[in-house]
Amino acid sequence: MLDLSINLAGIPLKNPTILASGIMGVSSASLRFCEENGAGAVTLKSIGSVERSGHANPTVIVWEKGIQNAVGLSNPGIDGSIEKIEKAVKTLSIPLIGSMFADTIKNFKTIALKMAETGVAGIEVNLSCPNTEDDFGKMFALDPKMTEDLIKAVKGEVGDLPIFAKLSGEHSDITEVGKAAEAAGADGITAINTMSGIVIDIYQKRPILKNIVGGISGPAIRPFGVRAVWNLFQAVKIPIIGTGGINTGEDAIEYIMAGATAVGIGSGIYYRGIDTFKKVTDEITMFMKEEGYKSVEEMKGIAHL
């Protein structure tokens, strides 16, 4: 019998597919919909210390190679989200991973403590949103020392609760940041976040997004994500959630063979529908049958051999 289950930093998942942060918000109904359509776990949209309206429209466009967004981390703030998170935790039978962002280590600590008390299975620390630099300054994920200080502080607040550092693919050497996160006590790494880019409307003679710069996701960034996972797998011992452009089982397997323990799916929902989790899992299963693999774990990092 094939074994699709994984252990993600002590969190058991029935299969390696995870709803990536930023896609379905914090509504228990929408998260439950992901569970019903095959997700092994779900990640909340990133939540900050206070309510944030985000950027002006247009904030999302689809182009021929992927999706670009500059939503700007719109969210109701941690105090406005606690009740919804608690409801989602009680509603779901799969792990729910929180996600948070902030402008200071102090605010990260405050959010982490409040989020941990809701019963989430773990917390993703968003160090790397690419389209809010004017508001939050340099990404934490571009500075190993800042990453280490932040993860250490957050881990000190939440104790044994698994913490995942979400890293940027834009650092010249992502392994430096990954090793810093691991040294600080991170239980896992998510790689990568969207990558910053500009798409111009040549007839209007200006960038399409109001924010000018937006995060690129979808097929265009998959090779960058796979490279990041590949390099991190050689540099750290903690598990990696590979994310970026995963639409098919083959895409997921590529990440797993590069070293990912699990895969985050976001834009794949746009391309293949909410049941993309089931489709990807079925395609992984078919590949395992055809190629003689007995477990997902058996495939992890095999491309390095």
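In case you wondered, yes, glycine gets a Cβ from its N, Cα and C as well.
Copied from TrEMBL, the annotated features are:
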type	residues	note
ACT_SITE	Cys129	active site, nucleophile
BINDING	Ser21, Lys45, Ser46, Asn126, Lys166, Ile192, Gly218, Gly244, Gly245, Gly266, Ser267	FMN binding site
BINDING	Lys45, Asn69, Ala70, Val71, Gly72, Leu73, Asn126, Asn193, Thr194	substrate binding site
DOMAIN	4-288	domain 'Dihydroorotate dehydrogenase catalytic'
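Where TrEMBL records a feature, it is marked here on the structure.
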residue: Ser21; record: FMN binding site; DSSP (3 states): coil
residue: Lys45; record: substrate binding site; DSSP (3 states): coil
residue: Asn126; record: substrate binding site; DSSP (3 states): strand
residue: Lys166; record: FMN binding site; DSSP (3 states): strand
residue: Thr194; record: substrate binding site; DSSP (3 states): coil
residue: Gly218; record: FMN binding site; DSSP (3 states): coil
residue: Gly245; record: FMN binding site; DSSP (3 states): coil
residue: Ser267; record: FMN binding site; DSSP (3 states): helix
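With respect to their backbone Cα atoms, Ser46 (FMN binding site) and Thr194 (substrate binding site) stand 14 Å from each other. Per-site Cβ counts within 10 Å over the binding-site residues Ser46, Thr194 peak at Thr194. Across the residues annotated as binding FMN (Ser21, Lys45, Ser46, Asn126, Lys166, Ile192, Gly218, Gly244, Gly245, Gly266, Ser267), the widest Cα-Cα separation comes to 19 Å. Cα to Cα, Thr194 (substrate binding site) and Gly218 (FMN binding site) are separated by 9 Å.
Looking only at other Cβ atoms within 10 Å, the busiest spot among the binding-site residues Lys45, Lys166 turns out to be Lys166. Summarising the environment of Asn126 (substrate binding site), the number of other Cβ atoms within 10 Å of its Cβ, over all protein chains shown, is 28. Local packing around the binding-site residues Gly218, Gly245 was summarised as the count of other Cβ atoms within 10 Å of each Cβ; on this measure the leading residue is Gly245. Its Cβ taken as reference, Ser21 (FMN binding site) is surrounded by 27 other Cβ atoms within 10 Å in the chains shown. Remark: Ser267 (FMN binding site) has Gly66, Ile67, Ser217, Gly218, Gly245, Asn247 as non-local neighbours, by Cβ distance under 8 Å and separation of at least 6 in sequence. Here the Cα atom of Lys166 (FMN binding site) is found 5 Å from that of Asn126 (substrate binding site).
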